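Read through the structure below, which is laid out as structure tokens, and then see the notes.
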Amino acid sequence: MPHPQPHVPEPPGVPARRAALKVLDAVLRRGSPLEAALAGAGAGLPPPDRALAHALASAVLRRLPDLDALIDSVTARPLPPDAKARAVLRIALAGALVLGTPGHAAIATVLPLVDGGPRKLVHGVFGTLMRRQARLPEPPNLPAAIAERWLANWGGEAVEAARRAVAEPPPLDLTLRDPAETERWAERLGATSFLPGHLRLPARMPVAELPGYHEGAWWVQDVAASLPARAMGSGGGRVLDLCAAPGGKTLQLAAQGWDVVAVDQSESRLARLRDNLTRTKLAAQVVCADVLRWAPDAPTDAVLIDAPCSATGIFRRHPDVLHRAHPAFIAEMAELQARILSRAAEWVKPGGILVYATCSLEPEEGERQAERFLNDDARFAPEPAAHDGRILPSGFAQGCDGFFVARFRRNA
Ligand SMILES: C[S@@+](CC[C@H](N)C(=O)[O-])C[C@H]1O[C@@H](n2cnc3c(N)ncnc32)[C@H](O)[C@@H]1O
């Protein structure tokens, strides 16, 4: 009888690279979101390995075109885009050139991933680049398809801002429950503020350790993501917050004095919304439902739609969107948004407000959507608000997510 092979643990650093390789395959080949891919590939890894897998995968996604250009600069013929040698070289180079891993460790920890395969090629390409003291360009280049699309839609300044923004995860933005306390909290946390109720801390930090977290004085929310609820104004009755989880806008609306019904189809995301309500001691009625099937008992004073979208506006936190938001996906999301918008329009009382928002930098999910809606539904008219329209990463508060916000009013 054959003896079972004793389990030999892999050398330190290898399991994290193995997980990063799986994550990148899931994102780039199968179009999975980075967080979902990490939940699968990183399951069972000790937290430090999981964090390293995340850091490596994220660094590769932020720098992919430049990493590939380096690899292609030393191979006689370009490796196929999905070649395993290319995939592990991206990880080794991101380790050495972005995360500062010593070269010998960056390569030694990926070679076991190509055992029985192109070890020699991987070793040779990496060694050549290290001897040449290869560097990545600053700011990073965006994937060509994204750069061309955003250049055509938003111009060179927006593309340059996006290139600078993709290099690193963004600073930490908070929204305060009570905007009248902005100055006091800014002083206490050493934060800057661009709007009443907004605070920015220079670097991301463990939020649960910051003063004010446990007492629910604030929640994490990019300043651009806070604009749709600001465009709703202060409480004027009941608001339906559609596609609400994890609840940043629900908390704002409740804090602004609205009687909120928060609807989302994801039970796991709603669990986070409920935790947020408990922590901030704010109230909302929470409904788990698909808004394409659900309907309220009666029309309401206001509806906020934070529609599902390609999410290209949040590329600083989720660099995977740069590689997943293909035209077909954008078109699919735009169709879903149109269905949600026309359905939700029926739920606004005469004289009531409808705010439509997406964290997308694609006009099909923003400007075109609003134009089509106004063409199709003569009962609504655009109603400019203090914070609406197109928000570009360059355009607001020294760097923010990309967003689109439109406010409409239904004829009385
Ligand atoms: C952009 S996120 C919402 C973020 C949230 N408004 C906030 O401020 O924290 C979009 C949400 O839409 C939800 N969603 C997508 N399709 C839906 C549908 N058909 N019915 C209800 N919720 C949906 C997703 O579960 C996701 O939570």
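Note that Cβ sites are derived from N, Cα and C of the backbone, with glycine treated the same way.
Per TrEMBL, the features are as follows:
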type     : residues                                                   : note
DOMAIN   : 150-411                                                    : domain 'SAM-dependent MTase RsmB/NOP-type'
BINDING  : C243, A244, A245, P246, G247, G248, K249, D264, D290, D306 : S-adenosyl-L-methionine binding site
ACT_SITE : C359                                                       : active site, nucleophile
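Among the listed recorded positions, namely C243, C359, the Cβ with the most fellow Cβ atoms inside 10 Å is that of C359.
Long-range C-beta contacts of G247 (S-adenosyl-L-methionine binding site), restricted to its own chain and to partners at least six residues apart, with a cutoff below 8 Å, comprise A262, R272, L273, N276, L277, A284. Computed over the domain 'SAM-dependent MTase RsmB/NOP-type' (150-411), the whole-number mean pLDDT of the model equals 95. Classification of G247 (S-adenosyl-L-methionine binding site) by DSSP places it in coil, neither helical nor stranded.
In this entry, S-adenosyl-L-methionine is bound by C243, A244, A245, P246, G247, G248, K249, D264, D290, D306, whose most widely separated C-alpha atoms sit 19 angstrom apart.
Recorded residues D290 (S-adenosyl-L-methionine binding site) and the residue listed as 'active site, nucleophile' have their alpha carbons 20 Å apart, per Cα-Cα distance.
Straight-line distance linking the Cα atoms of C243 (S-adenosyl-L-methionine binding site) and C359 (active site, nucleophile), rounded to a whole number, equals 13 Å.
For K249 (S-adenosyl-L-methionine binding site), the same-chain residues that are 6 or more apart in sequence and have a Cβ closer than 8 Å to its Cβ are A225, S226, P228, A229, D241, L304, D306.
The DSSP secondary structure for the residue listed as 'active site, nucleophile' is coil.
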